[in-house]
Amino acid sequence: MSIFIGGAWPYANGSLHLGHIASLLPGDILARYYRAKGENVLYVSGSDCNGTPIAIRAKQEGVTAKEIANKYHEEFQRCFRDLGFTYDCYTRTDSEHHHETVQKVFLRLLEEGYIYKKTVEQAYCKTCTQFLPDRYVEGICPHCHEAARGDQCDACSAILDPLDLLEKTCKLCGSTPSVEETEHFYFALHTFQQQIKKVVEIAKEKGTWRDNAIQLTERYVKEGLQDRVVSRDLPIGVPIPVKGYEDKKIYVWIEAVAGYYSASKYWAEETGKDDHEFWNSDAQTYYVHGKDNIPFHSIIWPAVLLGIGEEAIPRHIVSNEYLTVEKRKLSTSKNWAVWVPDILERYNPDSIRYFLTVNAPENRDTDFSWREFIYSHNSELLGAYGNFVNRTLKFIEKYYDGIVPQGTINVELKDKVEGLYKNVGEAIEQTTFKVALETIFDAVRFANKYFDERQPWKEREDNPVSCEETIYNCIYLIANFANLLEPFLPFSSERVRSTLSIVNRNWEPQNTLPNRIDSVQPLFERIDVKQIEHEIEKLYGAAK
């Protein structure tokens, strides 16, 4: 089976925060799981280096957009690597390959009659002497009356045109823009009304899209899909490949989602492999992003794929809700965020991955609390999982000189482990990652109870053979926990595998166990709870 996983492309205009990771982490869990199952996986993403936010930040800082994009693209790569993300291809939208691929998509849509020219009115800033596309305009959303950008309202997820906004201002200088005529290209989205309606009906029937994606897409379909502008007067981006219009750029909402396609093609060129199997109707496709990106993946991207004749319509949409911070809405402008480069300096990446999975905003907004983060590490990772691994391995090191005693696998434990692979695998495939991880940790708590009830420290004196059986079965559980937890906690799983000399990484029970163990070290260190107050003070102190 061919599995295509696309992670949303973060704007390269500022550091990643935990809200980004909360929405993107499911992609890596899926990729690791399907690879362990032996499936053919292509997991792609990249940095959005063409967006309006980058141009705005560059102008504000007096540097080039390329300098801003380079800085954050490199930082993103480091952060994703340090968090254990396993992209098969992580690229950027300002690459020559991406530009060429997107231009081919644009021309194909133009040739098929899905793109047309139209004279329209657009916001124009007389102070800055330029037309103002999407995010260059700010104001009030006409639907919910919250503050919004010219492309979208984060409060109600409405897709907007800058002229829709009330109380419009220029993002660059703050003046009120005028309205002038200009010519642009439009995407005939209305022609895909019935096809998109069918796509969402199937997703609803099969339960393969998150509820928020189904509800929002149904709303747009019910209102009637509206044609969308696909060109903009921007300083950076992919030039329109039509003579006389080279100064205009392809609008980021169509260009960025086409990044999945360009990354796939780039991967194929670099590896010499064929990517066609990821774009046919048999492919299982997963698109992983936050709820603010839903319409781009549930309406626009399917329509583009239909327009260019590709069959791999988004099968699964994994659209998480928002992550708040200490009960307040995350805000980059107010510096109310937990920044990824910062948290990685002090905390175990598996601790971050664990918390953002068990506390994931899968169906509702959830909160990142420093207190809950540190207590979850100490009680679950250290107190439950780390404790079971450490007490078992230390027992072997102390009483058996590192030689794993031999025995037979308990039938009840074997059935439990086999059931875990089935149940956890199903939960991952159904994108209920919190359920999957909690299921494993229920088994970890069962394992600690098993150790306590068997009392090997007493068995060693009273019944040495029974003690060997107990420890052998504990090693069996540890080996399988490392396997089951690898999609979620890759770093600690690798350490356990190394200690047990386990090579097999398949998604199946580990029945061949090691003869000896080496270099037993604690899997996790306790975090001083005094850090809670320190981190909260730091957060409030940095807020604007």
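Glycine is treated like the rest: Cβ placed from N, Cα and C.
Within the set 10-20, 65-75, 263-273, 516-526, the record from Swiss-Prot flags 10-20 under the feature motif ''HIGH' region'.
Looking at 179-183, 224-228, 329-333, 364-368, the range tied to motif ''KMSKS' region' in Swiss-Prot is 329-333. It is 19 Å from the Cα atom of T332 (ATP binding site) to that of C156 (Zn(2+) binding site). Model confidence over the motif ''HIGH' region' (10-20) is summarised by a mean pLDDT of 96. Counting every protein chain shown, the Cβ of C141 (Zn(2+) binding site) has 20 other Cβ atoms within 10 Å. Taking the mean position of the Cβ atoms of C141, C144, C153, C156 as the Zn(2+) site, the remaining residues of that chain whose Cβ falls within 8 Å of it are P142, H143, H145, E146, A148, D154, A155, S157, A158. Within 10 Å of the C-beta of C144 (Zn(2+) binding site) there are 13 other C-beta atoms, taking all protein chains into account. Around C153 (Zn(2+) binding site), the same-chain residues six or more apart in sequence whose CB sits under 8 Å from its CB are C141, H143, C144, E146, L160, listed in sequence order. Under a cutoff of 8 A between CB atoms, and with a sequence separation of 6+ in the same chain, the neighbours of C156 (Zn(2+) binding site) are C141, H143, C144, E146.
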